[in-house]
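Step one of this worksheet: look at the structure below.
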Ligand SMILES: Cc1cc2nc3c(=O)[nH]c(=O)nc-3n(C[C@H](O)[C@H](O)[C@H](O)COP(=O)(O)OP(=O)(O)OC[C@H]3O[C@@H](n4cnc5c(N)ncnc54)[C@H](O)[C@@H]3O)c2cc1C
Ligand SMILES: Cc1cc2nc3c(=O)[nH]c(=O)nc-3n(C[C@H](O)[C@H](O)[C@H](O)COP(=O)(O)OP(=O)(O)OC[C@H]3O[C@@H](n4cnc5c(N)ncnc54)[C@H](O)[C@@H]3O)c2cc1C
Ligand SMILES: Cc1cc2nc3c(=O)[nH]c(=O)nc-3n(C[C@H](O)[C@H](O)[C@H](O)COP(=O)(O)O)c2cc1C
Ligand SMILES: Cc1cc2nc3c(=O)[nH]c(=O)nc-3n(C[C@H](O)[C@H](O)[C@H](O)COP(=O)(O)O)c2cc1C
Ligand code: FES
Ligand code: FES
């Protein structure tokens with residue numbers, strides 16, 4: 001595992017408080033698996049000590065460029081949003097285990113469900129699945145039209161259904177309101193978002209195979225501090241660490 | 001009194017670890033008195049809370065530009081040295097009482113003695129004194145030739161004698177080693193540097209009129225926290241505050 | 001009445017913000033920066049019976065997100081404060097909280113007697129927690145019975161409500177708070193500084209001439225929040241909260257923990273305008289979370305549960 | 001022998017740097033980042049008798065120049081640690097300091113008995129100062145007699161030297177240190193975390209599910225330095241110093257205050273390579289100040305005066 005100093009190539013606001021940061025450097029070479037994350041330092045010499053976990057949203061291996069999408073909400077991500085091109089960002093990663101790419105499922109469908117800032121990793125995942133010839137459908141949930149992003153780009157990889165809480169774009173409601181006929185369709189589910197959303201997705205997808213990516217506040221990001229545990233009934237230890245055993249888990253594996 | 005946001009126009013290393021920072025903004029208009037200082041914030045959102053007192057080294061009122069010279073030695077000044085043109089610096093000031101400009105002494109001589117990072121304010125002072133027609137001599141003390149700066153510029157205003165501790169430039173020794181015949185010459189003394197140097201200067205200049213600029217670690221910089229006091233025998237309170245009663249005091253006024 | 005209004009014993013404040021003792025002199029220095037009448041109140045620097053020169057310099061050192069000070073209670077003595085300093089605050093017409101220190105019970109009592117009789121003084125703050133002078137009251141600050149005893153005696157002579165300023169350098173802040181509550185205190189101020197130290201790694205020498213000093217600033221805010229949270233559930237006295245507050249968000253956090261008013265110390269050195277800026281910001285934050293009156297914020301963190309929570 | 005070599009009871013260290021307990025798991029995670037054999041030693045995560053799941057999440061929160069944690073002593077229990085974790089460290093051939101926690105005297109004693117009998121364990125560290133679990137030993141950590149009592153009983157069964165890890169949340173750290181010295185401790189570890197708390201200003205809710213947590217990181221370094229400075233003058237036990245150390249300069253500062261070795265905690269999260277980077281940097285700093293052996297640094301701040309200095 002490695003610490004990398006990456007150079008910002010761009011860092012722009014693409015929706016309300018949502019930033020797209022592109023970073024380049026030799027370290028990008030190892031970032032090949034969708035669902036992994038980078039543990040990002042938000043400032044040098046700063047009073048913000050802890051790194052921020054941010055999912056890999058896309059990687060361009062030719063240009064050695066990785067894309068992160070993040071919401072500038074707290075102090076740390078706001079600090080990150082003030083960085084400009086040429087500045088250096090210190091990241092650990094890629095960390096964690098990404099999505100299993102369903103090697104044997106090439107004639108099956110995949111349903112990728114993301115809420116809010118859970119949307120970014122689905123982009124890189126969709127790219128990979130499409131390359132494997134899998135039929136991909138996205139359900140992307142946002143607060144409102146102002147918070148939505150990347151919708152046109154997702155359409156490159158498959159049908160893209162949008163929900164907004166206020167109805168300003170797509171279906172009014174939550175991602176689960178767009179999950180019609182899922183069980184009959186028998187897609188493999190891939191979902192990223194807040195625990196409450198993942199729980200709802202899991203309930204709607206009973207009997208299906210699927211993967212969920214979890215979020216938790218982290219210390220080390222590498223499995224050493226036990227900050228990010230989640231109970232599980234399937235492992236002997238009784239818990240998993242989201243940073244190192246996850247963030248992606250099989251549906252049903254963790255107790256949400 | 002005011003807080004100003006000034007824009008850096010340049011910030012360059014002019015000698016070993018010595019930086020010249022030029023700042024511009026409407027706030028510069030009030031910076032008219034040599035010997036005053038700015039209380040400079042070294043970083044935003046940072047873990048370095050306290051401001052750094054830095055003397056006004058020069059002011060160009062036409063361009064609304066103030067010059068600071070500082071040694072990047074501790075964490076804060078190092079942080080300052082990494083700032084680049086266009087960045088903004090938050091300063092309080094001008095603070096403190098500057099040098100009395102010896103209005104009635106126009107036919108007398110002035111001897112300006114500075115050690116190390118005490119040299120900068122003498123530049124602006126020398127400029128003012130020369131403009132008043134006073135004959136100015138400088139004694140500038142440095143550690144060694146690599147640490148010396150601004151010597152050619154000082155020569156514009158008067159004779160400039162240099163001492164270095166290691167003898168690599170000018171007279172080998174301390175500033176006091178260059179203070180020959182001072183008492184007979186009867187100049188007005190203006191001196192800035194560490195307390196130990198000021199004490200030595202004072203001893204060599206017994207009977208002369210003069211002004212000393214003191215240094216001390218500061219909290220508020222404006223007279224409210226009592227961090228920067230110095231004992232005095234001439235005032236009823238028994239002490240002075242360097243930030244607000246000084247940093248310039250009459251020779252003999254404070255107990256060094 | 002304004003939505004920022006708060007009312008504590010002796011302190012009728014148009015907003016909950018006041019500068020902390022020792023960080024604002026006697027007010028006149030900051031009066032050159034802004035009109036002090038915008039403040040909810042002002043805490044003035046510690047008064048002792050006779051004038052004190054304080055500790056040798058250096059008296060301050062910087063630490064990560066904090067600072068150490070060892071001023072040593074320098075002040076001109078209670079008489080001069082009453083003659084020269086307090087009258088100068090009259091034009092601003094804001095409550096004055098007078099901080100009191102001493103080496104002996106007798107000194108505390110006499111200073112209280114004198115200063116509390118000034119019609120301009122609204123309340124007194126008993127500083128039993130200055131870590132920076134051998135006889136700065138810290139012996140009272142870490143010993144529950146002495147603290148209670150002193151509180152009782154000071155209360156007996158004070159013409160104004162008495163706030164006891166607690167030291168965080170204790171094993172059990174709740175017991176301390178309960179002891180002074182029982183002794184008749186009208187309110188609590190918390191927290192004073194944590195005892196800390198910084199050495200020059202090159203020489204091994206302490207930066208402060210006094211060697212140790214009091215740690216203040218954002219670094220200590222989590223300790224302050226925790227102590228206010230714990231104490232506010234076990235005593236019924238109003239609390240003036242302090243320790244690392246530098247933004248309006250910090251003020252609401254501290255009030256949520258249990259403070260009724262909030263003092264700002266070290267942050268004044270970072271930004272002399274911090275108090276008026278916070279006061280201006282507060283209504284915007286209240287709007288953001290849909291709260292009408294700031295006084296509703298006090299103790300939100302514990303009010304949300306039906307039974308008081310002990311934190312461990 | 002290397003100029004970085006230091007020797008403490010049970011701990012023969014090629015340099016004074018070891019990770020702090022709880023901040024480095026059982027080593028294997030960081031072994032993926034670098035070769036642990038460069039370390040002076042390793043402190044492993046607290047062991048209890050049975051496995052514990054710990055507290056609910058969120059378990060960490062960020063504060064200014066620090067962090068709060070309330071992990072709650074999650075660990076697989078002493079038996080599994082002896083079976084799975086400790087043997088995995090064998091290849092690195094470095095001293096292992098085993099951190100021990102419990103709810104009762106009996107638990108501490110039994111864990112010590114078991115873990116100290118492992119030939120791989122060099123010394124044990126008695127964690128009587130975990131602020132994050134109701135029964136995490138904090139009752140021993142703030143009560144001098146209980147601490148001394150526990151130390152005595154643990155010493156009686158331990159096959160290895162015993163370091164007692166002190167809580168900073170006490171009125172008088174010196175008395176605590178003296179009590180455990182008298183009870184037979186072989187060394188001290190100090191400091192554990194300060195109890196702190198953070199609330200979400202919008203909701204008033206604590207960030208941590210456990211509400212309060214332990215404050216660590218650079219914010220607390222001044223408190224650690226002060227306590228080590230005070231204690232080292234009054235006890236003759238070697239001290240493993242910790243609290244906010246993140247640079248080689250910090251290590252020399254802490255040794256100057258009185259530490260014989262230095263543990264690095266939170267800084268590992270900021271930079272996983274921090275320990276090896278510090279170790280590489282140390283000889284350069286020693287050169288800069290003209291010191292040959294790092295062991296000469298211990299207690300410089302007080303050695304320079306002929307008579308021991310008390311700091312207040
Ligand atoms: C595996 C993983 C992948 C993620 N991917 C993305 C992504 O691609 N884009 C994105 O915008 N966000 C992502 N998040 C959430 C993101 O980490 C948080 O929004 C961010 O850390 C908040 O930092 P802040 O400075 O805005 O907030 P602050 O409140 O200043 O943060 C304080 C501390 O709390 C932690 N924290 C606060 N909120 C969260 C949260 N929701 N989840 C985890 N830690 C939190 C911070 O990391 C920091 O340690 C991801 C989280 C995880 C666990
Ligand atoms: C009135 C006045 C004018 C000054 N003018 C200049 C100048 O023009 N150029 C220049 O290079 N230096 C000047 N100094 C000294 C300058 O303030 C310090 O060198 C600087 O503050 C050190 O900061 P740092 O970040 O390098 O050190 P750090 O060690 O990181 O500083 C930590 C804290 O200690 C204080 N401190 C450390 N050393 C000193 C010192 N020697 N004097 C005062 N405070 C100190 C800092 O301000 C800060 O609060 C002046 C000092 C005073 C009092
Ligand atoms: C320079 C300085 C001087 C102080 N002097 C006093 C004092 O005289 N009396 C007192 O009760 N507290 C004094 N304090 C403590 C503050 O009032 C306050 O309790 C503490 O600094 C924590 O708040 P802060 O983090 O906002 O600074 C002083 C603090 C500082 C930094
Ligand atoms: C996440 C975390 C877990 C910790 N777990 C333990 C523990 O199990 N046992 C213990 O004695 N100390 C534990 N500590 C305290 C550290 O060992 C150390 O004493 C403290 O964090 C101060 O050092 P630091 O500022 O370098 O982190 C823990 C600290 C952190 C941050
Ligand atoms: S964040 Fe440390 S174990 Fe997951
Ligand atoms: S620095 Fe505060 S009084 Fe001078």
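Cβ from N, Cα, C; glycine included.
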Task: Residue among C:12, C:15, C:127, C:268 sharing the substrate site, where TrEMBL lists C:45, C:69, C:70, C:71, C:72, C:73, C:192, C:193 as binders - done: C:127
Task: Same FMN site per TrEMBL - residue from C:191, C:294 joining C:21, C:45, C:46, C:99, C:127, C:165, C:217, C:243, C:244, C:265, C:266 - done: C:191
Open item on the list: So if I measure Cβ to Cβ from residue C:243 (FMN binding site) and keep only same-chain residues at least 6 apart in sequence, which ones fall under 8 Å?
Closed with: C:168, C:190, C:191, C:216, C:220, C:221, C:223, C:224, C:225, C:265
Task: Pairwise CA distance, residue C:72 (substrate binding site) versus residue C:21 (FMN binding site), rounded so that it is a whole Å - done: 13
Open item on the list: Measuring Cα to Cα, how far is residue C:45 (substrate binding site) from residue C:21 (FMN binding site) in Å?
Closed with: 5
Task: Between residue C:193 (substrate binding site) and residue C:46 (FMN binding site): CA-CA distance (Å) - done: 14
TODO: Give the maximum pairwise CA distance in Å, whole number, for the residues C:45, C:69, C:70, C:71, C:72, C:73, C:127, C:192, C:193 listed as binding substrate.
DONE: 16
- [ ] Rounding to the nearest whole angstrom, report the longest C-alpha distance spanning C:21, C:45, C:46, C:99, C:127, C:165, C:191, C:217, C:243, C:244, C:265, C:266, listed for FMN.
- [x] 19
Task: Inter-residue C-alpha distance, residue C:193 (substrate binding site) and residue C:127 (FMN binding site) (nearest angstrom) - done: 11
Open item on the list: I'd like to verify something. Among the binding-site residues C:45, C:70, C:72, which ones have a C-beta closer than 6 angstroms to some atom of ligand 3?
Closed with: C:45
TODO: In whole Å, note down how far the CA of residue C:21 (FMN binding site) lies from the CA of residue C:70 (substrate binding site).
DONE: 14
Task: Collapsed DSSP category at residue C:45 (substrate binding site) - done: strand
TODO: For residue C:21 (FMN binding site), just count the other CB atoms lying within 10 A of its CB, please.
DONE: 26
